[in-house]
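Pulled from TrEMBL:
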- B:72-262: domain 'ABC transmembrane type-1' (DOMAIN)
- B:12-33: transmembrane segment (TRANSMEM)
- B:76-96: transmembrane segment (TRANSMEM)
- B:108-131: transmembrane segment (TRANSMEM)
- B:143-163: transmembrane segment (TRANSMEM)
- B:184-209: transmembrane segment (TRANSMEM)
- B:240-261: transmembrane segment (TRANSMEM)
Amino acid sequence: MGRITLEGVQKSFGPVHIIKGADLDIPDGAFVVFVGPSGCGKTTLLRLIAGLEDVSGGRILIDGNNVVDVPPAKRGLSMVFQSYALYPHMSVRGNIAFGLKMAGLPKAEINRKVEAAAATLNLTPYLDRKPRELSGGQRQRVAIGRAIVREPKAFLFDEPLSNLDAALRVQMRLEVTRLQKQLGTTAIYVTHDQVEAMTMADKIVVLNAGRIEQYGSPIELYQRPANLFVAGFIGSPKMNLITGAEADKHNATTIGVRPEHIGIVEAGNEGWSGKVVIAEHLGSDTFLYVDAGALGTLTVRVVGEKRLNAGDAVMLRPEPSRIYRFDANGNSMFA
Amino acid sequence: MARKVTGRHVVISTAGAWIAGFVIFFPILWMVLASFKTELEAFATPPSFLFFHWTTENYVTVQERSDYLHHALNSLIVAGGSTLIAMLIAIPAAWSMAFSPTKRTKDILLWMLSTKMMPPVGVLVPIYLIYKNLGLLDTRTGLVFILCLGNLPIVIWMLFTYFKEIPKDILEAARMDGATIGRELIYVLTPMAIPGLASTLLLNLILAWNEAFWTLNLSTLEAAPLTTFIASYSSPEGLFWARLSAASTLAIAPILIIGWFSQKQLVRGLTFGAVK
């Protein structure tokens, strides 16, 4: 079991409030991603759950028990660090076995568990190597091995893929997700990469300046962002946000339209006229940056075959049902 | 583009290194040679390099006149004792400054180092009077105490730099893995810090062994280490070069042997932090 509940969790470093009261309920077996810009407090929140930092206020419950005064090792969680944090003087086997050794398990059982974990992660041929003899991806797998071998109540991942190259990152993303589904263990995963968040999570927690802005499934966040921040943060390319007269027409302070919800129509139709400033041809898609006069520069996502270039005049038409409206406080106004 | 290393470069730089090494080592070699000469040959002009009348007479005289072993034992106790106590104080101090620094940590480190910038002679009179009143003059305890305090800033700084290099994440990983502070020290930190601990210990041992200011001023006979033993050959009877050389050779021999066998650790210790 691994249900984690946060109740009014706060953290300050001196006069600086890093976490300003977080409430969250993570069900057993869920894959939850904390996402937000740098400095939003996502890593601090993870470290509070891990016990590597002490809370300044509030409660953290693991399976119903308040653990704020419980040391990290006794919380039954394991953590994968951004830097992998492998023990450099120990072999891969020693690294994976360390937690079990500390728990005082018999040698035969330690060996059996280490071999099983190594087999799951394709690390068997490297068991007797030292971390410095491994590639980045292999080191990452050792760090994951060290986490799974202890059969924790939950895994805590602190930006574990950020040191890998792009191709390996995609591959490891799949592996981590598959492993978590296979083990059925609760996982909390911190990242600043919203693509990672969208692809891996059962539920996403969007953090901003020490507050939880929204907690929901990836698709909920995409379709029903609670406020301007979430609307701007989730989705790639970013949502177009328009203020002024055009927003007033919709009885809102700000309106938002995602680039994929803007179509190009024939000249003479009703819509927003503009001129293409830059066209990025990605093959499958083309991203157009269109100067739409008073509306500002709008990003438009069209199919890759669309042959438009810088300087072309276009007529844009947003899908009326996909226009998000926000009030003066930046909160969403859903119909 | 990588710089091309040709055969000629290798020859030139090797020869250069040997020459530089020889120039640095020459005084020591000259001293060892002089210790095997007679007093007359020792300051003859032109000096004879290898072709002289070899004799061990000076060593016999030195041992007869003053008890070498007594002074060597004093050196061992004073250098070893002060080093061990300095390490015992410095490890936890450097540890806490490296792993749980406060906003004053940097100031404390700098303040400690600043004590090394003051010439020792500036505090000689007060220290001498304190030692006199406490009955610490010419005692091994007194020397251990002053050398330990004198070297403590350097020991703490060296260990601090070593500990600073150990990533905090690794210690946190050990904590997540269920290691208590004791086990974290035994299984994770110590194995990672051994090279640093060893070179700090060695360097401090050498510094304490060779320390001459305090040992000369605060000891006469009972607690006198090898530095005092050498000094006793300089002025009172005029300069006896051969005997002085024999005494000096005997005094530096133990530390030279230790140094020779621990070259690797020492070099790492001395160049630490220069390259990542």
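Every residue, even glycine, has its Cβ placed from backbone N, Cα and C.
Below 8 A, the CB atoms of the transmembrane segment (B:143-163) and the transmembrane segment (B:12-33) form no more than two pairs separated by six or more positions in the chain, fewer than 3 in all. Same-chain neighbours of the transmembrane segment (B:108-131): 97, 137, 142, 146, 150, 152-154, 156-157, 160, 213-214, 217-218, counting only residues six or more beyond its ends whose CB sits under 8 Å from a CB of the stretch. Against the transmembrane segment (B:76-96), stretch B:184-209 shows more Cβ pairs under 8 Å than any other of B:12-33, B:184-209, B:240-261. Long-range contacts of the transmembrane segment (B:184-209) within the same chain: residues 75, 78-80, 82-83, 86-87, 90-91, 147, 151, 154-155, 158-159, 161-163, 165-166, 170-171, 174-175, 225-226, 254-255, 258-259, 262, 265-266, 268-270, 272, each at least 6 residues beyond the stretch ends and with a Cβ under 8 Å from a Cβ of the stretch.
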